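The domain 'Major facilitator superfamily (MFS) profile' feature in TrEMBL is assigned to 40-525. Residues or ranges marked as transmembrane segment by TrEMBL: 43-62, 82-100, 107-128, 134-156, 168-187, 199-223, 410-430, 436-454, 475-496, 502-522.
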Amino acid sequence: MSTLYETSAWQYLTVAKVNAINRKCMTLPILNLRSQYARNFHLSWLGFWTAFLSWFAFSPLIPEAVKNDLKLTPQKIGNSNIVSLCATLIVRLIVGPLVDRYGPRRVMAALLVIGAIPSGLAGTVHTAGELYTIRFFIGILGGTFVPCQAWTTVFFDKSIVGRANALVGGWGNAGGGFTFLIMVALYDRLVRDGLSPHSAWRAAFAVVPVPACLCVAAAIMIFGTDHPNGAWENRHDVPPAHMQLSKPQPSADIENLSTQSSVVVISTEKTAIPTEKKQNGEGRGSINHAVEQKDHVRDVMIETSDATSELDVAINEGLTWSSGKSIIFNPLTWLPALAYLTTFGFELAVDANLANVLFNLFHTRNASFGQTKAGYVASIYGLLNVFTRPLGGYSGDIIYRRFGISGKKYLMLVCGVMQGLLSIGLGIYADSAESSLAVVIVLFVLVAVVNEVANGINFSLVPHCNPSSNGFMSGIVGAMGNVGGIIFALIFRFGPAPLGKAFWISGTICAVVNVAIAGIRIPSKY
């Protein structure tokens, strides 16, 4: 694709360079909150981050506080971790079609409000059965992943959608790590301030997760937008790929841009001076020279481009029986879905179980290694998402430029196999008599890096698969991640002792599945 001028790093982070064919952004103007692209980007990851904060709020407090208060056995703890993933599996399948119909912004806000209700009732739990019920309904919040990914796919162009999806997914997933830091620190502070452990863990839910969910939901509805065209109902108001984009517009706001505009640079004062258009042939879009800008910071740049794949012109459509059947029986649907089962599914199980596993492995050797230390160490796995998942998305975008969709596919699968092999090594070492906490940390950090990079690559691939039903597609892939979470959580729950076996059994499954799905081909039209 041609470029109007060489984009500097500052312009890349502040100027929304928009493809006039689909009005999707080709840069990441995340430092310019005047841009709807930046606002929606930040609201997307913040919504998912907040959901994680509530969804996994029990995990850091279970090893001691909740376990002792509710008199939970290790089996009941495992049951509660599995239950918390079951609702998310169901919700992600339901939410996908809702995103295609109503738009990701509204669905994201609705899920946060609905999920805040069981989070507020967490303090009423007194039995294992009540714990299962509350954690099941809190699991609704895990469904926010679908609108999170669909939202950025709607606003960011194919050349950068991998980075956009991976950044919002990674920063959102990091909420799983911050949850350990926040909930453990808050619980300890409440105990120091005089609350009993019985009351402290209950109060922690009312202090953080509930207000966070409600405030972020309100921010999404106030500051977010549905689509580059404005309301979700206007999403079809995009020039078709074959239209010649002819007459340049002298001035406009991006929200009201004519469907036949050429290149326009819009300043902070919404003024621009177009230059003479250069034709480049038979009915194709053209690109103007850069306009002269007088002492204004460039905020938005509109650029025409030829469509080269289905993703360029795809528009979310409501789910029908015919489209649903086509998607379900499309092998390309199951390439990222099965890969995500092994990567994000594994990550969910680790997030839910790592603190408890570390506590049980090392508390007997070192009495000072209690719930607080186990929670802080376990938080590393989730916190790494801040850069690992974005690294995966960036890698996907880079390899796409040279090797196309197939490049994303094989890079994702290689990371999935590496994750499996490293997990096998972690499990074998953790069960050895001479295992140390320091080495265990190094090993699970290595597992986390390739695991989360694979997640990022996966959702740089997903937008290319069934692009006109991106919400449903994201729902299927996200739901399969939860299927994996349940499978791996069952391994941690019922796997034979010692504890390390759960890691090497899970690692074997990951490696085998990623090798098996390598045979799914990418059709040439993609």
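Note that Cβ sites are derived from N, Cα and C of the backbone, with glycine treated the same way.
Long-range neighbours of the transmembrane segment (199-223) within the same chain, counting only residues 6 or more positions beyond its ends whose Cβ lies under 8 Å from a Cβ of the stretch, are 39, 43, 46-47, 50-51, 53-54, 57, 61, 65-66, 69, 105-106, 108-110, 112-113, 115-116, 119-120, 122-125, 141, 182-183, 186-187, 190-191. Contact between the transmembrane segment (107-128) and the transmembrane segment (436-454) does not hold: fewer than three of their C-beta pairs are under 8 Å, each pair 6 or more apart in sequence. Highest Cβ pair count under 8 Å relative to the transmembrane segment (502-522), across stretches 43-62, 134-156, 168-187, 410-430, 475-496: 410-430.
Touching of the transmembrane segment (168-187) and the transmembrane segment (410-430) is ruled out by the presence of fewer than three CB pairs under 8 A, sequence neighbours closer than 6 excluded.
Looking at the domain 'Major facilitator superfamily (MFS) profile' (40-525) alone, the prediction's average pLDDT is 82. Panel annotation: around the transmembrane segment (475-496), residues 75, 78-79, 81-82, 85-86, 88-89, 92-97, 99, 142-143, 145-146, 149, 327-328, 333, 336-338, 340-350, 352-353, 357, 458-459, 462, 502, 505-506, 509 of the same chain, lying at least six beyond its termini, place a Cβ under 8 Å from a Cβ of the stretch. The transmembrane segment (43-62) makes no contact with the transmembrane segment (410-430): fewer than 3 of their CB pairs lie within 8 A, with pairs spaced 6 or more apart in sequence.
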